[in-house]
Amino acid sequence: RTSAEDIKALRLITAIKTPYLPDGRFDLEAYDDLVNMQIENGAKGVIVGGTTGEGQLMSWDEHIMLIGHTVNCFGGSVKVIGNTGSNSTREAIHATEQGFAVGMHAALHINPYYGKTSLEGLVSHFNSVLPMGPTIIYNVPSRTGQDIPPRVVNTVAQSPNLAGIKECVGNDRIEQYTGNGIVVWSGNDDQCHDARWSHGATGVISVTSNLVPGLMHELMFNGKNASLNAKLLPLIQWLFEEPNPIGLNTALAQLGVVRPVFRLPYVPLPLEKRVKFVELVNEIGRENFVGEKDVQVLDDDDFILVGRY
């Protein structure tokens with residue numbers, strides 16, 4: 001069984017995309033290719049069914065199946081971290097039990113969103129799932145509507161199963177934790193270079209590494225590299241002009257590594273931004289991106305939007 005210490009050592013974790021067939025079901029062949037490309041380019045872990053992987057659009061059956069499939073196919077080569085968090089503690093407990101039962105190495109847990117709760121409620125929520133196995137807590141107030149303050153994290157850090165925090169508030173907060181010996185992954189690709197090399201972060205849980213895993217590996221492993229960071233920033237900014245994973249889904253479709261299928265409510269970026277992506281690929285170098293097909297600008301008619309799946 002994986003320990004929290006094994007998870008703490010991971011520098012590059014990719015929040016992996018979930019690709020779809022034209023009817024909206026999972027395209028497991030394309031998914032396996034995506035995970036293989038991550039492993040080949042040095043990613044040490046994958047988040048399955050996170051925001052990027054659109055776990056919020058999955059049934060729990062789909063969710064647990066995809067975690068189990070990933071463990072079965074790739075668990076010997078990469079750490080599989082299942083997003084089993086929920087705004088319902090009951091659901092989070094049940095999903096986490098199932099995730100560990102199918103072999104995931106660690107769980108990712110968000111704080112209860114929309115309904116929210118008190119700080120004491122946050123502590124109780126996390127303490128309900130931490131005993132099950134290695135856990136990463138994910139703080140992204142822009143999505144949950146509530147910050148997880150250091151007081152909560154310092155309290156639940158008493159559990160030996162807390163591997164660390166995926167922190168999106170910024171590098172000052174990251175340094176607050178790393179100065180106290182708590183492991184942190186940057187949740188912001190545009191800040192991850194400085195988080196890693198100037199603020200004590202272990203690494204990054206990345207969206208951009210879906211596209212350029214080798215370059216993100218270099219950014220996290222090979223020391224300060226301001227020029228590479230500057231080279232990647234226009235791509236990162238493009239990816240997040242609309243809420244994630246809209247940009248990533250559009251990009252991977254134009255690279256020809258996934259079918260251009262979107263589960264609603266996500267829709268592709270407009271034409272001018274699709275054209276911009278091709279320009280970015282050419283500037284950074286097609287060889288640095290996943291897949292082997294020529295990048296292309298897809299037409300509106302090329303995309304399939306699925307509301308029932």
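Any Cβ shown, glycine's included, is placed from N, Cα and C.
Because TrEMBL annotations are produced automatically, they should be read as predictions rather than curated entries.
Positions annotated as active site, proton donor/acceptor by TrEMBL: Tyr138. Sequence annotations record features per position, and here TrEMBL assigns active site, schiff-base intermediate with substrate to Lys166. Residues or ranges marked as pyruvate binding site by TrEMBL: Thr52, Ile205.
All features noted in TrEMBL, drawn onto the structure.
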residue : record                                               : Cβ within 10 Å
Thr52   : pyruvate binding site                                : 21
Tyr138  : active site, proton donor/acceptor                   : 24
Lys166  : active site, schiff-base intermediate with substrate : 24
Ile205  : pyruvate binding site                                : 28
Cα-Cα separation of the residue listed as 'active site, proton donor/acceptor' and Ile205 (pyruvate binding site), in Å?
10
